[in-house]
Amino acid sequence: MYPLPFNSKIVISLGAMTLALATQQAQALSCTVSADSWNSGYTANVTVVNDSSYSINSWDVTLGFNQPPSVSAGWNANVSTVGTTVMASNVGYNGNLSPGQSTSFGFQGAHNGNFELPSCAGGMTSSSSSSSSSSSSSSSSSSSSSSSSSSSSSSSSSSSSSSNSSSSSSSSSSSSTSSSSGSGGANTVTIELENLSGQNGFSPFSVQNDSSASGGQYIVWPNNGDQLLSGASDGQSGTLAVSFELSQTANVSFDIRASLANGNDDSFYYKLDSGVWSTQNNTSTSGFETLSPTTFNGVSAGVHTLYIQRREDGAKLDSLSLTASVGNIISSHANSSSSSSSSGSSSSSSSSSSSGGNELVIAINAGGGATSLDGVNFVADVHSLGGSTGSTTDSIAGATSSTLYQTERYGSYSYAVPVTNATYSLKLHFAEIYHTEAGARSFNLAVEGQQEMASVDLYSLSGHDGAYTYEVNDFPVDDGEVTISLESLTDNGTLSGFELSSSDGGEYVEPTPIPTPEPGEGGRYRVIHTTDMGADPDDEQSLVRQLVMANEYDLEGIITTTGCWKKSTSNTAYVDRILNAYSQAYPNLSKHAEGFPTPAYLDSINVMGQRGYGMGDVGSGKDSAGSNLIIAAVDKDDPRPVWATCWGGCNTIAQAVWKVQNTRSQAQLDAFISKLRVYDILGQDNAGTWLAKNFPNLIYIRARSVYSWQPSDSYLDNHIQSHGALGAVYPNRRYATEGDTPAFLHMANPGLNDPSVVSMGGWGGRFPSKQAGVRGMSCMSGEDAVYDTYYMYTENGESIKRWSTAIHNDFQARMDWAIESNYSAANHHPVPVVNNDANEAVMYLNASAGSTVSLDASGSSDPDGDSLNYSWSHYGEADSYSGSVSISNSSSASANVQIPSNAGGKDIHILLTLRDNGSPNLYAYRRVVINVQ
């Protein structure tokens, strides 16, 4: 705790400056600060003395604190705060100060203790010979607003004094607003106040016509003669918000063109940023004249907001001008004749655009639930890619409601909001709800890939628990998505929420949900297919088989993309044609088994992926409907992994992973990779190799032995192509048949194999270990070698062929289903039950070396009443025990497995194959993995 000594006197001598052409005379001020208390609440009084030999008609004083002073009220001066600085001006109070004369002002507030002695500096002064409408420059010769050194030289870029010793600084003249409302140059902006009528807080102001007003119109709280808003407050109706941006620290002169017929009865309030409200009062004009209420000293580089609030009715307000003492000032509200409008500016306006013509598209509460602010309804957090969420219960200063600002999404992350192509504007909401000192947080923010905010330090802008807004206006969108990206520099970037609006009819595009297939999930695996359909007929063949097997999967995406045999693509026409055939077969298929997805659902997941080839179509701005679908599927609140297959190239999967890698934390990326699996047929672009190289923990299969199991052409003629609409879209082979089918056969039988344990073996092959440098097809022209050394799972032989009879019969029966509306006219799969366990999953048992394990499948059944054939076998290629295993009664419903005495610490895989005697014979499986103790 650092108490403020009473009557601490700080004397600062300053050079004076005026706009008059006469020789400037040096003026000097001294300041004395006292306080009645400094514990959690305070009342500070400041005495200002004219130490010069000349009269002074304008003065400013700056007090620098070690933390924001949270000023709640001020008197006898225009008092405002920016960060840790309190600034006071006598404009509108106390008139001239003769040599030796003193005056006083005060302010009060609350704080959390540990204040240090504030440094008090006399600021700008001007003699009584200066113009009454002049605005003074900074006291330093550079961009300083007050002394920051104990030496006599000024220090550039400083915004507050940090010395309590005497210091002098020569003034140099700088730009100032004139008594007219001219548009000014790059250091002046002028705003016609009627242009702010679209802001939600505008009413009860109204726009009136008057040819003597600068734009032919002015605004007024209609004059009934008896209306008074006795005290200003944040969020009050009848409040205008004027945002502007400074290129460097500067003093900002505020001029307003107004008609105040009765000085005692026409007035208004104003403040800068989160400062205290000041009053413009007791001034009468003859028609419209320009007044100069104040100059804000030491305003930091960046975005700020000037607020104007009604006080008494009848005050006619025409336009206002803001002039920076050094550097450039820009504003999105500025007239076309003023300095050029900025793409970014701070604001506290409503969802309407600053020009009054924008329509709200969507407002999102970052990190929180649905809420509202100033009449704008914010939806719960959506469309975020990465980041974490935080919250506070503290009240937020400068906001009409705290709720929006009490939550945040923080980190390095992005938002991607789906919209139609149009012109958009953003209003971004921030609050520093965590840090309590300047410099603790810094981040950059980009919109549509363009940096709009740099090195943002929210505490310096609005203090702890203070609301801050920033606008980015009129940017085009031509890729169907508004992107907002935060890049953490110090600690984490943060955002409380944002409002997206459009001036030319832009609309929010409700994203296609990732529906849950009908019926429930059961024991099925989640699958997304990417296909270069059209390069070779085998993709079409494989899709027909996949659709008649669709009840065995949770099919979550069919994505058309490219590969080295088809390096560009533009539509989903091939898939559309096959899905149309499925829609004709769907009623019959649904009569033979539960779980077939509806045609409408399949249409919803039939999307385009990458249109270009390989890694050349992966990176910033390359997102596709397919890559977004993959991200959404993996992010879904479902613990099951997602199998993404590559029937062509893998670059749509790579784009999804690239986006997650570049928008989320390492931990979040690791979690994403842990839920993703890739089954790559033969290797048909370099994106698959990029995935394997850069994400070695990704379960990545590149299958190369995919051709030895296929049926004959005559079999296909008789049992597949002759069967209805789906048979009609099953094309003749050009090269090999169904080369892509193993990608989903790998997940076809949950009771046969766990596909994530790739060494188990099943209909899609067996992949015992990772191998280095598994090369892709010849059409890749050696592109894989660029990524050496990389590792992938692959086969050691033709491991699918052993299952070929069962695979063919399954397809034949399902094509029968597609044309038979009578359940009894087709065969259906038997249902295995082992040891009274009917789960569709690999069974795990523990046993001791040398013991006997009894396995009983007598509870198995066949839905058609067919007789069953039982076969128990040792699947020795899959287990870790290298010897033989004896099974007694291996052709009966019940069998006994003799565990070898030397099998301790190993696992033994026993497989039940159940076959019915229907036509065709259908098979079902149950694997039992015995862990030997």
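Just so it is clear, glycine is given a Cβ too, placed from its N, Cα and C backbone atoms.
Taken from TrEMBL, the feature signal peptide covers 1-28.
Mean model confidence of the domain 'CBM2' (24-128) amounts to 65 (pLDDT, 0 to 100 scale). Annotation comment: TrEMBL describes 24-128 as domain 'CBM2'.
Here TrEMBL flags 126-187 (among others) as region 'Disordered'.
Look at TrEMBL and you will find 333-355 (among others) tagged as region 'Disordered'.
The region 'Disordered' annotation in TrEMBL covers 501-522 (among others).
DSSP assigns ASP740 (Ca(2+) 1 binding site) to coil in the three-state reduction, placing it in neither a helix nor a strand. Annotation comment: TrEMBL describes ASP532, ASP539, TRP647, ASP740 as Ca(2+) 1 binding site.
Within its own chain, CYS779 (disulfide bond) has CYS564, TRP565, GLN684 as residues 6 or more apart in sequence whose C-beta sits under 8 angstroms from its own. The annotation disulfide bond is assigned in TrEMBL to CYS564-CYS779 (among others).
Look at TrEMBL and you will find CYS646-CYS650 (among others) tagged as disulfide bond. Here CYS650 (disulfide bond) comes close to THR530, ALA644, VAL678, ASP680, GLN684, ASP685, ALA687, GLY688, LEU691: these same-chain residues lie at least six apart in sequence, with C-beta atoms under 8 angstroms from its C-beta.
Here TrEMBL flags ASN827, HIS828, ASP862, ASP864, ASP866, ASP916 as Ca(2+) 2 binding site. Cβ neighbour count for ASP866 (Ca(2+) 2 binding site): 18 (other Cβ atoms within 10 Å of its Cβ, all protein chains included).
Between the binding-site residues ASP532, ASP539, ASP740, ASP862, ASP864, the minimum number of other C-beta atoms within 10 Å of a residue's C-beta occurs at ASP864.
Between the CA atoms of ASP864 (Ca(2+) 2 binding site) and TRP647 (Ca(2+) 1 binding site) there is a gap of 35 Å, rounded to the nearest whole number. In this structure, the CA atom of ASP862 (Ca(2+) 2 binding site) is 35 Å away from the CA atom of CYS646 (disulfide bond).
Taking the centroid of the Cβ atoms of ASP532, ASP539, TRP647, ASP740 as the Ca(2+) 1 site, the other same-chain residues with Cβ within 8 Å of it are HIS529, THR530, THR531, MET533, ALA535, ASP536, ASP538, SER542, GLY563, CYS646, GLY648, ILE681, GLY739. In this structure, CYS564 is the one among the disulfide-bonded residues CYS564, CYS646 with the smallest number of other Cβ atoms inside 10 Å of its Cβ. Within 8 Å of the Cβ centroid of the Ca(2+) 2 site, not counting the listed residues ASN827, HIS828, ASP862, ASP864, ASP866, ASP916, the chain contributes HIS829, PRO830, PRO863, GLY865, ASN917, GLY918, LEU922. Of the recorded residues, ASP532 (Ca(2+) 1 binding site) and CYS646 (disulfide bond) place their C-alpha atoms 9 Å from one another. Considering only the recorded positions CYS646, ASN827, ASP866, the residue whose Cα is spatially closest to the Cα of ASP740 (Ca(2+) 1 binding site) is CYS646. Among the recorded positions listed (ASP539, CYS646, TRP647), ASP539 has its Cα nearest to the Cα of ASN827 (Ca(2+) 2 binding site).
Over all protein chains present, the Cβ of ASN827 (Ca(2+) 2 binding site) has 24 other Cβ atoms lying within 10 Å.
Taken residue by residue with DSSP, ASN827 (Ca(2+) 2 binding site) is part of neither helix nor strand, so it is coil.
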